[in-house]
Structures are given as structure tokens and as C-alpha cells.
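A.B. asks: Encoded as C-alpha cells, here's the structure I'll be asking about.
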Amino acid sequence: MPLWGLLLALWGCSTFSLPADTAAFRRIFLKKMPSVRESLKERGVDMAQLGAEWSQLTKTLSFGNRTSPVVLTNYLDTQYYGEIGIGTPPQTFKVIFDTGSANLWVPSTKCSPLYTACEIHSLYDSLESSSYVENGTEFTIYYGSGKVKGFLSQDLVTVGGITVTQTFGEVTELPLRPFMLAKFDGVLGMGFPAQAVGGVTPVFDHILAQRVLTEDVFSVYYSRDSKNSHLLGGEIVLGGSDPQYYQENFHYVSISKPGSWQIRMKGVSVRSTTLLCEEGCMVVVDTGASYISGPTSSLRLLMEALGAKELSIDEYVVNCNQMPTLPDISFHLGGKAYTLTSADYVLQDPYNNISCTLALHGMDIPPPTGPVWVLGATFIRKFYTEFDRRNNRIGFALAR
């Protein structure tokens with residue numbers, strides 16, 4: 001072998017032990033905001049009644065009969081957003097980066113005046129962009145809390161300093177709930193092409209096609225600092241995982257359903273007893289969701305083990321004095337137990353020091369999409385998460 005070939009081979013082997021070249025990463029800084037649920041509580045809304053209404057709506061949407069993919073997130077509890085630019089010059093939007101979906105959409109200046117939720121958000125104006133290209137194809141995306149409708153357009157989209165030509169949705173019908181009180185404008189799906197409504201190529205796939213990233217991965221960090229929880233957010237890293245955000249090594253789990261960030265779980269245990277999912281079940285790792293959710297019957301069993309009281313199918317509470325004595329909950333993924341303590345799954349309400357809400361919700365999604373569990377920000381805050389498109393796997397490491 002020529003000397004240069006030997007040196008190249010040795011260099012290639014050595015890169016496995018070198019620290020990540022963090023300078024090559026593209027970063028999207030995230031901000032944490034009060035969730036829609038928190039805003040509704042502050043306004044005295046009966047969350048039990050609202051939960052019942054949305055449960056009924058979920059049933060009437062007939063998810064299993066839809067030809068379009070169903071997004072599992074209802075955004076009631078979403079707390080993290082980042083900023084992107086659309087158009088020339090860029091129009092700035094606050095978006096949720098959601099691994100549970102694959103489309104990008106923002107409200108449009110063409111939004112009907114009947115939808116007052118549009119009025120409080122930034123609106124995309126195609127007339128103000130010199131790079132706009134008309135498409136016009138109508139689309140509908142169904143969520144756990146309703147649906148958004150609009151039409152497709154094409155323009156330049158800038159994410160983490162990378163600009164791509166992107167087909168996206170201009171939303172003209174935006175539901176009052178939850179979007180009237182949402183602090184974000186739209187959603188940027190980080191899912192797979194198979195999940196995209198209208199056959200649209202997702203933003204991340206366009207970024208991968210440019211070959212500007214070191215690795216075909218992105219990773220998500222959510223801050224766990226509770227002292228100034230609404231002032232801190234997190235970061236999405238495109239092209240790798242930043243060692244400053246995690247400790248120990250990554251443990252990887254292969255995706256179980258092609259074209260989805262879904263993996264197989266082999267049990268949910270309290271203390272040392274496996275209560276649920278002992279024979280295996282499906283779980284989606286969803287950056288657009290804030291809490292952990294599962295089938296309502298399973299959640300009720302889990303809540304009984306914790307001694308929690310059910311306010312509605314999507315909200316459970318405990319006496320705040322119980323928090324130090326509540327047991328750990330472990331989720332078994334890829335042969336490893338990922339454990340949350342009560343400090344991880346109990347939410348302390350600044351307006352109520354008597355009843356504390358648990359970051360665990362019931363959610364029934366019928367076949368073929370469900371039944372499925374969802375691991376949201378409650379889980380990701382504890383375990384820094386890497387989404388690996390090249391190897392079709394998800395990695396978890398203990399967050400710093």
C-alpha cells in the first residue's frame with residue numbers, strides 16, 4: 001500500500017476516538033415558552049372538560065380511515081420552538097421541530113378572517129418574497145386536536161444557516177384551540193418522507209441532499225435547569241451530537257417501522273416490577289410532544305401504582321407533598337432501562353403548591369397508526385437524543 005494510503009487508513013481509524021468537530025455543526029437554538037395548557041390554566045379554563053372534548057374529537061376524526069398520515073402531537077403541551085426564515089428577504093417564523101411529522105407549514109396572509117388564531121401569529125406573505133414559486137395544491141393535516149388546511153407553495157427556507165428550496169404549506173384554516181394561545185407560528189416536521197402529506201420532500205431531506213453535514217443525523221437537547229425554566233430552552237444540532245450536552249456513551253435502538261421515528265419498547269416498570277408492555281409495544285420518540293403518553297388503559301394502571309388522581313384522560317395529579325416518595329419509572333428500550341425519577345415526571349405548578357401534575361398522559365390512537373406510546377420532552381430532557389437517518393436508529397445518552 002502506498003504511504004499516503006496507509007496514512008489515510010490510519011487517520012480514518014483514528015477518527016472514531018477523536019472528539020466531535022463541533023465547529024462543523026449547524027445549530028438551531030430553542031426557546032422554552034409557556035405551553036397552551038399552562039396559558040389556559042392561568043385563564044381558569046376547565047382542563048378536564050377540554051380534555052373530554054378533545055378525546056371525543058379524536059374519536060370522530062376516524063384516524064384509521066384517513067389516506068393522509070396522522071400527526072400524534074396535539075401541541076397542547078409543546079414548549080420548545082426555534083426560528084427559521086422563509087423567502088427573500090427571509091420572513092422569520094417560530095416553529096416547533098417535530099419528529100412526529102414531516103411537513104413544514106406556517107400561517108398565510110391568505111388565512112381566512114374567520115380564523116382569529118391567524119391574527120396573532122407571523123404570516124407568510126408571498127408577495128414580499130422574490131423567490132416565491134406558486135404551487136397551489138390543497139392539503140389537510142390531521143392532529144389529535146383537529147386539523148389545519150391550506151395550500152402548498154415553494155420558496156427558500158433557511159434552517160440553522162442552511163438554505164434549501166422547499167415546498168411548504170401556507171395555512172389558511174387554523175383552529176382556535178390550541179393555536180390561539182400558542183407562542184409558535186408553525187411546525188417543521190423532522191420525520192421521514194413517507195410521513196409527509198402531499199408527497200412533499202421534508203426540509204431535513206433537502207439538507208441531506210446538499211451534503212453539507214458531517215453525519216446524516218440530528219440531535220436534540222432540552223435544558224433541565226428548573227430555576228429559570230421559561231428563560232432557557234435547548235438546541236437542535238444538525239450533523240452530529242454535541243458532547244457538552246451528554247455524558248457516558250450513546251445506546252442505540254433500531255427503528256421498528258420504516259419511515260418513522262418509532263422503536264420497540266419491552267416494558268414499563270415501577271421500582272423493579274414490570275407493569276406494562278411486557279410482551280413489547282411500539283413507541284414514537286416525538287420532539288413535538290412535551291409529555292409521555294400511552295394508551296389510556298395502560299396509563300390508568302401506571303397511575304394507580306403511583307397513587308395519582310385522574311382529572312381527565314390526559315391529566316393526572318398527586319399531592320405535591322408526595323413527590324419525594326414517588327417511585328422511579330423505567331422504560332425498557334433496546335435491552336436498557338431508562339429511568340425517570342419523580343423530579344423528572346412531576347410538574348410543579350407555580351400557581352398551585354398543593355396539586356402537582358404528572359407529565360404522563362393517556363392517548364388512544366386506533367390502528368393502523370396505534371396503539372402507540374409517545375416519548376416527548378419529559379424523556380428527552382433526561383436523555384439527550386440522536387436521530388440517525390443513515391443507520392435508521394435512535395440514540396440515547398444521559399443528558400448533562
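Quick reminder: no glycine exception, Cβ is built from N, Cα and C everywhere.
Pasting the relevant annotations from Swiss-Prot:
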| type | residues | note |
| --- | --- | --- |
| ACT_SITE | Asp98 | active site |
| ACT_SITE | Asp286 | active site |
| DISULFID | Cys111-Cys118 | disulfide bond |
| DISULFID | Cys277-Cys281 | disulfide bond |
| DISULFID | Cys320-Cys356 | disulfide bond |
| DOMAIN | 80-397 | domain 'Peptidase A1' |
| SIGNAL | 1-17 | signal peptide |
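A description of the local structural setting of each listed feature is requested, covering burial, neighbours and distances.
C.D. replies: Using a 10 Å Cβ-Cβ cutoff, Asp98 (active site) registers 23 neighbours.
Classification of Asp286 (active site) by DSSP places it in coil, neither helical nor stranded.
Sequence-distant contacts of Cys118 (disulfide bond), defined by Cβ-Cβ distance under 8 angstroms and a gap of at least six in the same chain, are Pro107, Ser108, Cys111, Ser112, Val171, Leu174.
Cβ contacts within 10 Å of Cys281 (disulfide bond), excluding its own Cβ and spanning all protein chains shown: 18. Annotation note: Cys281 (disulfide bond) sits in a strand segment as assigned by DSSP.
Remark: Cys356 (disulfide bond) has Val317, Val318, Asn319, Cys320, Met323, Val346, Leu347, Gln348, Asp349 as non-local neighbours, by Cβ distance under 8 Å and separation of at least 6 in sequence. Under the DSSP three-state reduction, Cys356 (disulfide bond) is assigned to strand.
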A.B. asks: Near Asp98 (active site), which recorded positions out of Cys277, Cys281, Asp286 have their CA within 10 Å?
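C.D. replies: Asp286, listed in sequence order.
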A.B. asks: What are the sequence-distant neighbours of Cys277 (disulfide bond), meaning same chain, six or more residues apart, C-beta distance under 8 angstroms?
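C.D. replies: The answer is Met265, Lys266, Gly267, Val268, Ser298, His332, Trp373.
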A.B. asks: Quick check on the disulfide-bonded residues: of Cys111, Cys320, whose CB has the lowest count of neighbouring CB atoms inside 10 Å?
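C.D. replies: Comparing Cβ neighbour counts within 10 Å for the disulfide-bonded residues Cys111, Cys320 gives Cys320.
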A.B. asks: Counting across all protein chains shown, how many other Cβ atoms sit within 10 Å of the Cβ of Asp286 (active site)?
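C.D. replies: I count 30 other Cβ atoms within 10 Å of it.
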A.B. asks: Please compute the mean pLDDT of the model over the domain 'Peptidase A1' (80-397).
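C.D. replies: Averaged over the domain 'Peptidase A1' (80-397), the predicted model reaches a pLDDT of 92.
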